[in-house]
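Copied over from TrEMBL, here are the features:
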{"type": "DOMAIN", "residues": "75-120", "note": "domain 'Transcriptional repressor Tup1 N-terminal'"}
{"type": "COMPBIAS", "residues": "119-128", "note": "compositional bias 'Low complexity'"}
{"type": "REGION", "residues": "119-288", "note": "region 'Disordered'"}
{"type": "COMPBIAS", "residues": "137-148", "note": "compositional bias 'Low complexity'"}
{"type": "COMPBIAS", "residues": "149-158", "note": "compositional bias 'Gly residues'"}
{"type": "COMPBIAS", "residues": "191-200", "note": "compositional bias 'Low complexity'"}
{"type": "COMPBIAS", "residues": "203-216", "note": "compositional bias 'Gly residues'"}
{"type": "COMPBIAS", "residues": "221-232", "note": "compositional bias 'Pro residues'"}
{"type": "COMPBIAS", "residues": "254-269", "note": "compositional bias 'Low complexity'"}
{"type": "COMPBIAS", "residues": "270-282", "note": "compositional bias 'Pro residues'"}
{"type": "REPEAT", "residues": "397-431", "note": "repeat 'WD'"}
{"type": "REPEAT", "residues": "432-473", "note": "repeat 'WD'"}
{"type": "REPEAT", "residues": "473-514", "note": "repeat 'WD'"}
{"type": "REPEAT", "residues": "518-553", "note": "repeat 'WD'"}
{"type": "REPEAT", "residues": "578-619", "note": "repeat 'WD'"}
{"type": "REPEAT", "residues": "620-651", "note": "repeat 'WD'"}
Amino acid sequence: MYPQHRPQQAPAPPNRLGDLLEQVRAEFDAQATRSNDYDHQFQSTARLPEAICLCLSPIEYAWALQFDSDELIDPAVAGQLNEMELIRSKIYQLEQTHIAMKNKYEEELARLRHELEQRGGPVQGPHGPNQPPPPAIGHGPANLFQGIMAGGQQGGPGLAPPPQDQHGQPGMPGHMQQAPPGLSGPPGGPHNPFAYGAPQPAGPGGMNGYGAGPGGAPQPTASPGPKPPVAGPPRLAGGPATPQQRQVNPYPGSPATMASAGAVAAGPGAPGPVARPTPPPNQNQQIAPDFQYTNSQLEQIGNQLSELEPDKLPPHFKRQGDDWHAVFNPRVHRRLDVDLVHNLAHQSVVCCVRFSHDGRFVATGCNRSAQIFDVNTGKQVCHLQDHSTTQDGDLYIRSVCFSPDGRYLATGAEDKVIRVWDIAQKAIRHSFTGHEQDIYSLDFASDGRYIASGSGDRTIRLWDIQENQCVLTLSIEDGVTTVAISPDGRFVAAGSLDKSVRIWDTQTGVLVERTEGEQGHKDSVYSVAFSPSGATLVSGSLDKTIRMWKLNNAGFGRGGLGASGGPHPKSGECVRTFEGHKDFVLSVALTPDDAWVMSGSKDRGVQFWDPHTGHAQLMLQGHKNSVISVAPSPMGGLFATGSGDMKARIWRYSIYNGP
């Protein structure tokens, strides 16, 4: 019915052989390419050790050269070290020979004085018993300071003793940061920046050897300073002499000076003679007929009141005691009188003096001990010494400070320890350690809880005596010589070897002010003090000046904290520069009524300055060595001085009612 179905034949398969061959060829080419790459990489890797060897060859050669050089240098270095050791040994031997000769010379002087006394002749030696040089602030490896008082002329910085016979010419200051340290100790031994020369002989008698028994910023105004001398008749300007020199040199106006005045001409380099001036005509001060100075000569003298000779002044411009005298500036109206109250003998240099807050007592610091004296009687009432310390060598107490309630006395010493003494028990209540060098200054906060300390280790530290720990550490670039806490306790100021004064907030540690620049000191700052109001600060320096700073930050005085110091603290305004000291200014203070600035100097003088005019009111001389410390009584009317002549003195200042 249907036609028969015939299956169709399959079509012939495509010709794929050629395609497969092409694929095989392409794969072969790819594998060949990869093989070539692998061969190239293998060849590069095979050359890598050779390249490394080529790179290492110069290094091996350099090491070989260095090794050979070390073998050549080591003997040379050893030879140089041996030579240095020999030189050091020779210097030590010379130093010991010098000390022995000095001791022999001093013994001969003492014997001659004794013979002179037995024969009834006058003893002209002004220095009393033999005494060691005052303590030094070193600048050696273990200390940032060198030669505050002694040894400065050996090349060390600090307070060099004046020349022995230069007719009043003071010694010149060194550069604190660059001068070399003093003579070293024995070869191989540690450097001792506190070498005091000859052994210390016994001092005066008494209890424990310490006397009697128990808009736009205003331009800074400079005070009239010294000017070039004018021609006139020659005179003997008695230059200061230090204890280690034993130079017989009475103060100007004393009988010995009067007898020799005009007989000795000024030597080379000494200040020129000063003729006789009269006061300027625009001054209201009436001058007595016997006044022997001319106006031009007074202008030349300026505030250098030590140039005034008492015998050329009328009686109301001078005041003389048994072993002291004061001269008053004839260019200004005399407003003050001064008198000696007590002479407090010690057995060593008196490094510091401080009154209690009620004004009843005065504390002094010297070698190994602190003493407390009754201001009314001058009697020693307390002697504080830590007998647990080693008894070898010296241990000077650099700073003393009463607590506000008068119960405690804080002392800072060369052994880097702050001791807080219970005065009634004569026992140590607290000991604070942490400073790495000598402690040079202390101050109690007004709340009695905190103590600020300054050290040669470049730090200022704040200590909490209730918690018995350090609560704040402030670091600077150079050694700290002095610290002071503001009256309200909110700020701490510090003077330094780097010529500046810094002020920090005690709560935050922020630096709020720094005094430096063109208006700043030209040499190391050795003393700072806040005014009673806290709005100003005075600083004394080795540049022989005192500067008064108006503190710009609103936080000072009675206001609150103003602009934060941050990384760029404000700079205080120098509103007054007091010039007139002939040598380094070592201590400054303000009277409690803000009426006077007082200063002590290496020229052995104490001067009172009018903070409003910059004029010196008076110059007081009685100490036979540098006046290291001055301190006013918080109650007013009294001030104390400590000196390298192994004496502290209490003085009275009062309103002058004379002509």
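Here the Cβ of each residue, glycine as well, is placed from N, Cα and C on the backbone.
The structure displayed is predicted, hence computed values, not measured ones.
Across the repeat 'WD' (578-619), DSSP helix (H, G, I), strand (E, B) and coil residues number 0 helix, 22 strand, 20 coil. Over the repeat 'WD' (620-651) the predicted model carries a mean pLDDT of 97. Residues of the repeat 'WD' (620-651) grouped by DSSP class, helix first, strand second and coil last, total 0 helix, 19 strand, 13 coil.
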